[in-house]
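Student: Structure provided below as structure tokens; questions to follow.
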Amino acid sequence: MSFSVEVLAGIAIELQRGIGHQDRFQRLITTLRQVLACDASALLRYESGQFIPLAIDGLAQDVLGRRFTLEGHPRLEAIARAGDVVRFPADSDLPDPYDGLIPGQESLKVHACVGLPLFAGQNLIGALTFDAMTPAQFEVFSDEELRLIAALAAGALSNALLIEQLESQNMLPRSSAAFEPIKETHMIGLSPAMTQLKKEIEIVASSDLNVLIGGETGTGKELVAKAIHQGSPRAVNPLVYLNCAALPESVAESELFGHVKGAFTGAISNRSGKFEMADNGTLFLDEIGELSLALQAKLLRVLQYGDIQRVGDDRSLRVDVRVLAATNRDLREEVLAGRFRADLFHRLSVFPLFVPPLRERGNDVVLLAGYFCEQCRLRLGLSRVVLSPGARRHLLNYGWPGNVRELEHAIHRAVVLARATRAGDEVILEAQHFALSEDVLPAPPAESFLALPNCRNLRESTENFQRELIRQALAQNHHNWAASARALETDVANLHRLAKRLGLKD
């Protein structure tokens, strides 16, 4: 069999019809799957020793969230190193990365596979993979015909990468259709909400503006900060992280600005603070809403004038730091309540970003589940970890109050449970392995004071009552100490100290 001119022209026309990179890629692999009459096709981007799916047809949706490392997938490694068409026979000993990931064929293994490495000059930029359940499916196609397909795909991918590079250098205007970043940021998701967020990140990253990142706990605000830093001119310099919610008031100023020897008891030497460490780079202040008003005033001064003072030192030090701040609070309400400075809020929120909760991201749940399944597979040394159709439906129907972090933990727990009930190194996750309705239990009803155990004295009764209140607050807030402190209307540092005194934490 040979490709007719009409077939090749049809592939080229489909590429031209696409609106934006993603649409072109999808049209390409859908058309190629039809031409080769196979069960599945995929276009992969190569970056940093791994293949990243850009478009798929005939494969489970969670494949788009997986990241295929060369060391973890011998077939993909063979494709990357071959430099030409690679055909895997039906009896190949190398496991196929898509085993169990073709819908309706979860229990069967792929019988025929062809891989086409894609090059821009001498550089590997991606690959095309085609899979079939029929062993001899690809024998009718010559290597020369498959090379033609590879050339078309390589041209499309290379052009997309070039456009992205020129846009990032502000050498091309960013049209709404073409402006679809395809580089890897580990921010997995194709939902409208995530697509919009990625566009906003690309816009603000190249500037030097301070950014306020809002969103619920567990949505991935730190990943947003990393993406902004990586896309900025400061990427060659450090990104320094500080969790404001974990800062005891007594050391918070020293952590931010540093101290000199003898500034306070225990200051046995000079120490740089996070601002000095981030000089010429970026400082990410997580949970900034937990900072005291006194520290907010000192932070404001740094943003205004660009200088800091170490604790115990009269001298000022100049720093050049971009500040990215994150919070799960509504800082506008905090300003109205007098708990957050209005001038600091306006300094930070020049370009605010909001990370959507997982429940508003639709099918991104499945993509993220695929990513975490692949992580578990590598970590536990398994040959495959796949989601059954029932498990996918189960994940989509759940509300995810703990967002992406809860999904990650749920996948890890499900893999451990499934592995314990099935021999071998292959794991298929079923709905019953998640039991999500039990993962987030409502907090038990508060015991009345009279229902507490009899205690000898007032102090013991008070401590028991405090323990119960803290336990309930932690249960209701998914063991987030900052959120629990807000619910109890106390300072988070005081809550940590009280919990230690009551034996609730080490």
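Cβ from N, Cα, C; glycine included.
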Student: Which of these ranges is annotated DNA-binding region in Swiss-Prot: 41-60, 101-120, 241-260, 481-500?
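Tutor: Comparing 41-60, 101-120, 241-260, 481-500 with Swiss-Prot, DNA-binding region matches 481-500.
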Student: I need the CA-to-CA distance for Gly218 (ATP binding site) versus Asp57 (4-aspartylphosphate), whole Å please.
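Tutor: The separation of the Cα atoms works out to 31 Å.
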Student: Among the recorded positions listed here, Asp57, Asp279, whose Cβ has the fewest other Cβ atoms inside 10 Å?
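Tutor: Candidates: the recorded positions Asp57, Asp279. Fewest Cβ atoms within 10 Å: Asp279.
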Student: Please report the number of other Cβ atoms within 10 Å of the Cβ of Lys221 (ATP binding site).
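Tutor: I get 24 for this one.
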Student: Going by DSSP, give the three-state secondary structure for Lys221 (ATP binding site).
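Tutor: Looking at the DSSP assignment, Lys221 (ATP binding site) belongs to a helix.
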Student: Looking at the binding-site residues Gly215, Gly218, which sits with the largest number of other Cβ atoms within 10 Å of its Cβ?
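Tutor: Its Cβ has the most other Cβ atoms within 10 Å: Gly218.
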Student: Between Thr282 (ATP binding site) and Asp57 (4-aspartylphosphate), how far is it from one CA atom to the other, in Å?
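Tutor: So the alpha carbons of Thr282 (ATP binding site) and Asp57 (4-aspartylphosphate) sit roughly 40 Å from each other.
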